[in-house]
Amino acid sequence: MNPGIVSLAPVTLTLLLTFYSRNIILALFAGVFAGGILLDSAQGTLFAGINGIAAVFESSWSAKAILFVLMTGSLVQVIEQSGGVKGFVRLLTVRQRAVKSAFGAEVLAYLLGMVLFVDTTVSIVVRGVAIRPLYDTHKGNRETLSYIIDSTSASVAFLSPATAAGAFLAALLGVQISTGVIGGDPFSLVLRAVPFQVYPMVSIVIAGGVIVGRRKVAAAGAAEPGRGAVPHAEGSPDAPASAAVNMLLPLGLFIVGVFGLVVLTGDGSTSIFTGILLTLAVTGVFYRIRGVVDTQGYIAWCVQGMASYLEIALVLTLSFALSNLLNQLGTGAYLAGFGHHVHPALVPAMVFVSGALISFMSGTGGGTLSILVPIAIPLAAALGLSVPLILGACGSGAVFGDHCSPLSDTTILSAKVAGVDGMDHVRAQMPFALTGGVISFLMFLALGFFL
């Protein structure tokens, strides 16, 4: 189809519905449906949108990415149900004498954020459950704790390809590769984009500076120790500290397995899929030997975990379908025509700002990437820009907007686990997030001119 302004209709509809309904699945489905109608009218076909959704599974990489997300849900579920999370919390609790101050609790929360990178929800909840009682004991300021937890959850996830966030980015790139927009291996491109995930790195550094500088992060009404309900960690209610191995072994096995397979095979896309599959298999045997659960129970846990991640898998599927339709409609080529009127060096900063605005208004980083990547990557290819750089700008904008948005699930959860009001958390975090955003914007400007 020849590019034209009409090719912007699906993504425009998706954006409007995202902002209005706050439901990314509804917005993406509407965008796919609209794109299908336009493609049908141009090519004389029927049901292009519906067929586009089914066609997602024709790509082995897309299918692997969706299965990886579902199996990530399984891994999180079995760790929780085995008592691994509560055992880890108990391990920290029985060793609380090692944490002798609020500063020590902040450092522990910060370091755990680096370790628990596979799933942002687990990272946030575990640290809230484990650290908050220690923090209250030393009369720490809870806004500071909520800020540290929030700043080292999604930011850390975007710095590792072996996470649901990394798989999501790789899968969106896989669509662009399968349609010939760009070349290369999706996993390798995500790995090469890590140095350009500027905002996540800056936000982590700023959070570390806040801890070292002993800055008190506070909104108008600081939360006092003892206010708010302590969140619950899943698993056996009487899990001993020794049960921590039920969490530490699977996570360690997954990390070592993925990167070991990458070194052995050089195929990153297959490595993360194979790595999590092997991790689940070995973990099942390990739990059986330890008497944690029998085989039938373990399989049931895995299925329950997949069910809890179905929404993410559906978002991923619809994102792939929309991306394919936009490529067929020529949306990227149409925007590239306008891009020639803009200095190419400004594009990374523009992509960063666009991602931040979409993420802030929608409260969803994943939804932002679903909309932005299918537009930004073809634009980068047409203008001869670095794909890893533009991908880094997409991820940075999504995380920055997510940090500033009171609608974000990570913002809401971080406030809840720390026992502070959601808006107090946003107001307290905003100066640091905006500082990181300005630094990131300037860095993307510089990178645009020098790369």
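Glycine residues also receive a Cβ, built from the backbone N, Cα and C atoms like all the rest.
Heads up, TrEMBL stuff is auto-annotated, nobody curated it.
In TrEMBL this protein carries:
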DOMAIN    187-449  domain 'Na+/H+ antiporter NhaC-like C-terminal'
TRANSMEM  20-39  transmembrane segment
TRANSMEM  46-70  transmembrane segment
TRANSMEM  107-135  transmembrane segment
TRANSMEM  156-177  transmembrane segment
TRANSMEM  189-212  transmembrane segment
TRANSMEM  243-264  transmembrane segment
TRANSMEM  270-287  transmembrane segment
TRANSMEM  299-322  transmembrane segment
TRANSMEM  342-362  transmembrane segment
TRANSMEM  369-391  transmembrane segment
TRANSMEM  430-450  transmembrane segment
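Note on the transmembrane segment (46-70): residues 32-37, 39-40, 164, 167-168, 170-171, 174-175, 177-178, 186, 269-270, 272-273, 276, 305-306, 309-310, 312-313, 316-318, 320-321, 324-325 of its chain, located 6 or more positions outside it, place their CB under 8 angstroms from a CB of the stretch. Counting only same-chain residues 6+ beyond the ends of the transmembrane segment (430-450), those with a CB under 8 A from a CB of the stretch are 147, 151, 196, 198-199, 202-203, 206-207, 210, 217, 344-349, 351-353, 356, 389, 393, 396, 400, 403-404. By the Cβ criterion (distance under 8 Å, sequence gap of 6 or more), the transmembrane segment (189-212) is counted as touching the transmembrane segment (369-391), at least 3 such pairs being found.
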